[in-house]
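Feature annotations, reproduced from TrEMBL:
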type     : residues  : note
DOMAIN   : A:107-316 : domain 'ABC transmembrane type-1'
TRANSMEM : A:12-30   : transmembrane segment
TRANSMEM : A:113-134 : transmembrane segment
TRANSMEM : A:146-168 : transmembrane segment
TRANSMEM : A:188-206 : transmembrane segment
TRANSMEM : A:242-273 : transmembrane segment
TRANSMEM : A:293-319 : transmembrane segment
Amino acid sequence: MLRFLLRRSLGAVVILFLLSIVAFLLFFGMPRDPALLMCGKTCTPANLENLHHVLGLDKPIPEQYWIFLTNLVMGSDDFAQGPCPAPCFGYSYHSNEQVWGTLMDRLPATVSLTLGGAVFFLVIGLGTGLIAAWKRGTIVDKTFTAGAMVISSMQIYFLGPLALAILVYQTHVFDKPAYNEFTENPGAWFSGLIIPWVVLSTIFASQYTRMARSSMIEQLQEEHVRTARAKGMSRRYVFLRYAWRGSLIPIVTIFGIDLGSLLGGAIITEYTFGLPGLGRLAVESVFFSDLPLLLGVMLFSATMILLCNIVVDAAYAFIDPRVRLA
Amino acid sequence: MWIRFKRDRTGVISAYVVAFFFLVGLLAPVIANLYGKNPYTVYADERPELFDSAGVPVQPNGGISGEFWFGLEPGNGYDVFTKLLYGIRTSLMISVAVTLATVLTGILLGVTAGYLGGRADYWISRVIDFLLAFPAQLFFIASMPVVVSLFVSPRDETPVYVRVVALILVQWFLGWMSLGRILRGTTLALREREFIDAAKVSGAPPGRIIRKEILPNVVTPILVQGTYMLPNFVTAEAGLSFLGVGIVEPTPDWGQMFAKASTELVMQNDITYMFFPGISMIVFIVAFNLLGDSVRDAFDPKTAR
Amino acid sequence: MTTVTQEAGASVPADADAFLSVRDLHVSFRTEDGVVRAVDGLSFDLERGRTLGIVGESGSGKSVTNLTILGLHNPMFTTVEGEILLEGQELTTARESELEKLRGNKVAMIFQDPLTALSPYYTVGRQIAEPYMKHMRASKKAAWERAVEMLGKVGIPNPRQRAKDYPHQFSGGMRQRAMIAMALVCDPDLLIADEPTTALDVTVQAQILDLLKDLQQEFGSAIIFITHDLGVIADMADDIMVMYAGSAVERGTVHEVLRAPQHPYTWGLLNSMPRLDSDPNAPLAPIPGAPPSLLHPPSGCRFHPRCTFQDRVGGTRCVTEVPLLGPDRSSACHLTADQKRTIFTEEIKPRLR
Amino acid sequence: MGRSGRHTRAVISVLAAGVLVLTGCSSGGSKSGGNDKEQQENAERQKALIKFGDAAASKGPAAEVPGAKPGGTISVPARDSYAHLDPAQIYVFNEMGVALLLHRGLTGYKATSNDGKEHEVVGDLATDSGTTTDGGRTWKYTLKDGIKFQDGSAITSADIRHSVERLFAPFINQGPPYLQQWLADTPGSDYRKLLPDGPFKGKHLPDSVLETPDAKTVVFKFKKPHPDLPYALAMTGYAVVSQKGDTKEKYDKAPVVSGPYKIESFRSGKSMVLVKNTNWDPATDPIRHQYVDRFTITFNQQYEDSTKALVADSGTDRTAVSWQNSVDAGNLSKVLGDPKMKPRTVIGYQPFVGQININLSHKPMQDKKVREAIAYALPVSPFVRAYGGSAAMEVAGGIISPTVSGYDPSFDPWGKKKNPAGDPAKAKKLLEEAGKVGTKLTFGYVNSQEGQAYSTAMAAGLEKAGFDVQRQEIPAETYFDQVSKLNNNYDIFHTSWAADWPSASTVIPPLYDGRVIAEGAQNYSQVDDPRINSEIDRISRIADPAKAAAEWQKLAEYIVKDVVNIVPTAYYKQVQIAGSKVGGVVYDDVIGGVDPRRLYVK
C-alpha cells in the first residue's frame, strides 16, 4: 500500500513537473506583456525595461523557469513585495498578493461548491440509478432514463443562467448566489450556494443515474450474482450486496475524475454564478495574463486531478480484494 | 448491422434530427436570404423604436413578431433567428473539424502504438497519460489567446477564421487521447489474432497489414467513439465562447449566444432569448447521444444498454 | 424402476414417489431476432438419492432446464409452460419468496466456472455461510463454523484459515470444492451440477467427481449432472437423458445407453469421444453439420439434417414427422428397434472398439 | 482619477466581461430621473466656482454637519479591494475614497455647502491654500502646528520633501504626474530623470526646485507659472508620507496615516476596519470629521448585492453605505421609482467624459471632411446602451463634464442629443464631396463585453455612411498603453477622461496640447493645433479660476466643433443609496461619489 502510494505520488510529481514546463512556455507565448500591466500609467520604455528586470522577464526563459522552480521548493525572500515562503509561486502581477495565499483564499469556495454538489449528485444520481435498475423495464425506469438523458444533455451555461433568471431575477425567491465563509455564517453559506449546488448536481446526477443504472444491469448479468440467487439470497440482498459492490468500481472511477476536475476549479459553474473559487481565479489570471497566478492555478488543479486519481486507485483495493497494490 | 440500425426507431429518428441540424448549418445563408435578414444588422440603431435606451426590446417576449420570428437580441438588437442559424453553422463547423482531426490523430497514434508495440507503444502511452492529466478546460482558456497570437500580432484585428482555427487546435490537442487509447487496445488485440500472423508470415508489408487487415477492424470503435465525441466538442466549443475566449461578437456562435443569455440584461428583462440557443442545443445533443447509442448497439449488440 | 417417462405432450399426474418430476416443459426466450424455443416439451422424473446425467451439446437446453427448475430464468424475456413438481410442489407458478426458500436449501446448484460463479468481493467463508444463515436462521458465528466445517468436508486443507480467503486466492479445483461446499451447506435434497468439471483439468476432475459421489453417499441427495462428456457420465450417473435441440432424444440407465445406444445422435456423441483403449488409427467421426438454430428448428426429427441414417428410414418421415420418445428405455427416432440394434452392432460398435 | 480612473474602468470592464459574469446592463435604462431637473442643476453648477481659500478658511475644525452626532459603526460594502494604500500610488476612485479618511495633503477641498456642490480649496496640512507672488511660479506653504502622523510623530517639511521626492522613485508608478512634470518642467514621464532613484540613494531635489528652509516651510519653484497648484496638491497622490515610516513597496499595504482614521485591520480582498486615529487633531483639520467610531469595509460586494442589501435596509445594513458601489443598472429604475428610497438616494455625475478619438497622425484622418463625416455618422447610442442606458450614461455634447466649471448643456454640434444613432446620410454626403467614400477606419476597442457590444454597433453605423471599418480588439488591461502609443495603428478608439480637479485645465492641456504628444501621453488624437496650443498657454496664465473657466469653455467648443479630433460620446452618471440610519449622505461632485467624511450614524 505505502509503496504503491509512494510510487504513484512520484509519477504524479513527474507529470506535474512536465506540466509546469508546458504551462510556463504556454504563458510566454501569450500576446500580452505582463510588465505592461505592472508598469501602469506613467509608463516609459525605461520603466518597462526596469520592470522587465524586476520581474526577471529579461532573463532567458530556462533561467526564469529554474528560478520559478527553486522558489516553489524552498521559497524566496528576494521579492520586492516581501518574503515568500514555500510553496512560493511568487506574487500576483495584478493584485500583488502572494499566489499561494490567493489560491488558499479561493479554495474554500471551490471546495464548498464541489463537496456540497457532490453530496447532492451522488445521492440523487445513484439513488435514481439504482431505482431504475431495480425497476428495469418499468415505466419508472423509462422515465428516469429518459429524464437523465435529457438533463445530461443540458449545459451549466444554460441551466445556470436559466435558474438565475427564474429564481433570482424574475421571482426573487433566492438571493444571487454568493460565497460566505461557513465558519462565519453557516446559514448564508448554505443559502448562497444552494442554487449552484442544485444546478451543478442536476447535471452531474443525471450522468450518475445513467452510469449507475447501466453498470448495475451489467452486474446483474454476472454469474456470481446468479449463484447468489441460486443460494436463495433474496433479490434485494443480491441487488444491494453483490451487484452494487460490483458497480462501485466504475462509479468510483468516474467520481474520482469528476471530483478532481471540480476541485481544480469548477470553471464554468463558478463563472456563471460569480463564485470566488479557483475556477474564476483561473479565468481572471488569464484575462490579466497573470503568469504566477496562472501557473499556480494550473498546477494546483492538476495536482487535484492526480491526487484524486491516486485516491481512487487506492480505493479499488478496498472495493475489490483482487486488486493488489504495489 | 445496417439492417439492425434501421430497425432501431429512436436511432433513425435521432439520425434525422441530427441531419436536420447539419442541414440548417449548411444552408444558413440560404435560409437567412429567403428570410431577408442577416445576423449583423444592429436593429437597436436601425429601428430604435423597438428598444429602450438600454437596448431591451420593448415588445414582450424579446420582441417576437411576424417580422422577427425569434425576436431581437437585447443589447444591439440582432435578429435572433438568423443569429441562431449562423451560430449553429459556426459551432458545428468547428466541432466537425475537431472530430475529424482527433479521429485521424487517434488512428495514427493509437494504431501505431498498438501495432508496433515496444518502445513506440510505451512512449505514446506515456504521452497519452500525461495529456490526460491536463486540466483540460483550464488549458483551453489559457491557450486560446496564445494560439491566436501565433497567427496574428495582438495589434491586428483577429480574423474570425483564426479564432476558429485556434479553437480547433486547442480542442484537438487534448481531444484525441481517449480514442487513441481505445484504438491502441483494439489493435493490440488484433495483432495477436491469427489472420494478422498469417499476413505477416505471408510477408505482407506492415503498411499493407495495417491498411488491409487492421483498419477495417477498428472502424467500429472509431464510428462509435466519433458519434460520442462530436457532441462533446460542440458543448466544449460553446463553453469556450461562453467564457469569452472563443468566438466573439459579432460573429454568431452558439456558445456566444449563451454568453449573451447569461448577462444581467437578458436575465433581468428577456428570458425568452435564452431559450432559443438553450432548447436547440439540448435537442441537438440528446438526438446525437441517442444516435450514438443506436450506432453502438448496431455495431456490437452484446453491450447491455 | 428408475425413470418413468411419459409420451411427450401427454400429462399424467407425476409418479408418486418421484422427488422431482418435470412435465412437458416448454421454455422460450424473446430475443431481438425472434423467439428461441430453448426447451421444447421435456419430461422426466427423478428420485431421491439417484443421479440423472443429462448429456448434449451446448445449446441443447440442458442448462436452461435446470435454471428453470430454480426459477433463475429472467422473467422479462422468458416464458415457461408445463409443470415442474418438487415433492408435489408446483415450481413454475411458485412465488419468488417460496422459490427463495427452496434455493440453496432443498435444491442447490453448482456452476460450470467457479471463478466467475463465486463473488470476488466476499470471502469464501462468508459466501458459504450466507445461505446457512438465511435458511437455517443460524447466527453469524454458527454459520461461519458451518462454513469452515463444510470446507473441511470438501477437502480444503486448514479450512479455518482458507475460509477467510477470497476466491481469487483459491486454485481452480479448490474453488469448485468451495462451490460444492456452498451448495451442500444446507444439505439439499437435490443438487444440480451444471458441467461442474468442464473448467477443470483432468486430474482435478477425477477428485471433484469422487468428492461428489462421497458426498452423495453422505447426504443422500439426488443429483442432476449436466455434461457433454459421456466419459464423466459413465462413472457419475445412474440414468442418462440425452438432449438435442431442446428435447430429449434418448434415455435409459447408464448401462443401457452406453452399451446399446439407440439414437444416431448418441452414436455420434460416442464416436466423437476419444478413448484410451481405442485404436489410435481409427479416426474419430465427429457429427457432421452444426447444432440447429433454435429460432427456426428443423421440421420433423430435429436431428434429420445431420442424420446419416435418414435413407434407412425411407420416405420423408424424418423430415415431416416428429419421432416420439417412449417411456422407460427408449429413443426418439424413426428407425425400427432392429435397425437400431443392427446398425449399432455392425456399423458403430466396431469403430468404438 | 484621470488616467487610473480610466484604467480602472478598463480593468473593471474586463472584470465585468470576463470575470463577474452578471455584468452591467439593465432592464429599462429608459426610465431614469427627469432630465430637465438635471439641466437646471447643471446650470447652477456653472455658477458654482471653486475659490482658493485663505488662512481663515483653512482653520480647523470643520463646520459641523447639521444633525451629526458622534459614535456608532458604519459598514461599507465595496466591490473592489484596495490594491494601493500608499498615497503616491493612489489614482483610482475607490482608493481615493478611503484615502479621504486616511491621508492628508498640503491642501484639500472644503465643502462650503451641505449639498456637496460648492467647494473651495483650503490649506489642509498647510495654513492656507498656498501663496504665490509671481503668478504661480513660486508657491509657499507653511505647515500648521499640532499636525501628527498616527504614530504621534509631528509632520514636518522634511516629510513633505520626502513625499515629493519619492514620487520620482521607480516603484511609484500609479499616481498622478502633474507636480513631478511641473517641477521637472517636462511633459510625459521624462520627469523621472530629475531624481531617478527618489530620495532613497541619498540624492535630493535642489533648493532651486523644492526648498524647505525650516521645519514648517515648503516652497515649490516652477519654471512656468502653475496657478493650479493648490488644486493639484489636493489630490491624494500628493498626500504626505512619513519619512521615517516609509517602507517603500511595503508602504502600499501598511501606510502611516495622518487622517482622522487609521487602519485597524486589512485583509485584502476580504475586509478592512478603520478606527479613530487618536493622534488626529480636529482643530488642525478644516475638511474632515470624526463622527463615526468604526468603518467596517467588506470587499467583493457586487453592485447587485450591495443594492439589494441597502434597499432591504435591515440589521447592520441600516447603518451601511457604499462609497464605491453605485446602484446596479438592473435595480436602477426600481430605486429611482421608489418614493421611500428618495431620502436615501443620491444622484450625481462622475467626472468622466467619454469620447471617440480620431488619430490625426494617420494621413486619411487629416482630412477634416472625413472627420466631420465620422462625427455625423458615429452612433453614440451603442455606448450608452452598452453601459446600461440613459440612467448610467448621458449623451454628451461637449468634452467638459457637468462637474467641471464651464459646462454648457446646450452645446451639441453634431446633434447627438437629438439623434444618438448618428446621421449617416449627412456623413455620406460629406464623404462623397471629399471623394473619400470607402475610407478605411481601424477601430480599436477594449476587449470586454461592453467594448465588443458598442464597437460592433458603432462600426455598423459608420459603415452605413460609407466607411470601411476594421475592428481590432485590444486586451482591456493594456488598452490604454496600446492606444497611447504614438505609432498605434488605430484610426479611431474610445477613451474617457476625468478631470483631476474641477477645472478644464486638467482636461484640455493633457488631452489636446500638441506639445505633449509623446509615447504613453494622453493626447490620444495626437492633435497639434497652433490655436489650441496658444490658447492653452494663454488661459493657463489666468490666475482667476472664474475667468479661466469661461475661456476653457470657449476653447473646448472650438476643439469639438472646428478641430474635430474627437467626438464626445457620454457623461458618466451614477446613483448611490445608503441605509436609513446613515446621516450626512451627500453626493460630492469633487469626489464623484458619497463623501465619507461627513457620514454619521443617526
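For all residues, glycine too, the Cβ spot is worked out from N, Cα and C.
Automatic, uncurated: that is what TrEMBL annotation is.
Since the structure is predicted, the reported quantities are computational estimates derived from the model, not experimental observations.
Of the Cβ pairs linking the transmembrane segment (A:113-134) with the transmembrane segment (A:188-206) and spaced 6 or more residues apart, 3 or more are under 8 Å, so the two regions touch. Counted over residue pairs 6 or more apart, the CB atoms of the transmembrane segment (A:146-168) and the transmembrane segment (A:242-273) come under 8 Å in at least three pairs, which marks the two as touching. Contacts between the transmembrane segment (A:12-30) and the transmembrane segment (A:242-273): absent, as fewer than 3 C-beta pairs lie under 8 angstroms at sequence separation of six or more. Outside the transmembrane segment (A:242-273), and at least 6 residues removed from its termini, the chain residues within Cβ reach (under 8 Å) are 109-111, 113-114, 117-118, 122, 126, 130, 133, 155-157, 160-161, 164, 177, 195-196, 199-200, 204, 207-208, 211-212, 215-216, 218-220, 222, 224-225, 228, 233, 279-283, 297, 300-309, 311-312, 315-316, 319-320. Panel annotation: around the transmembrane segment (A:188-206), residues 112-113, 116-118, 120-121, 124-125, 128, 147-152, 154-156, 159-160, 163-164, 167-168, 174-175, 177-182, 258, 266, 269-270, 272-273, 275 of the same chain, lying at least six beyond its termini, place a Cβ under 8 Å from a Cβ of the stretch.
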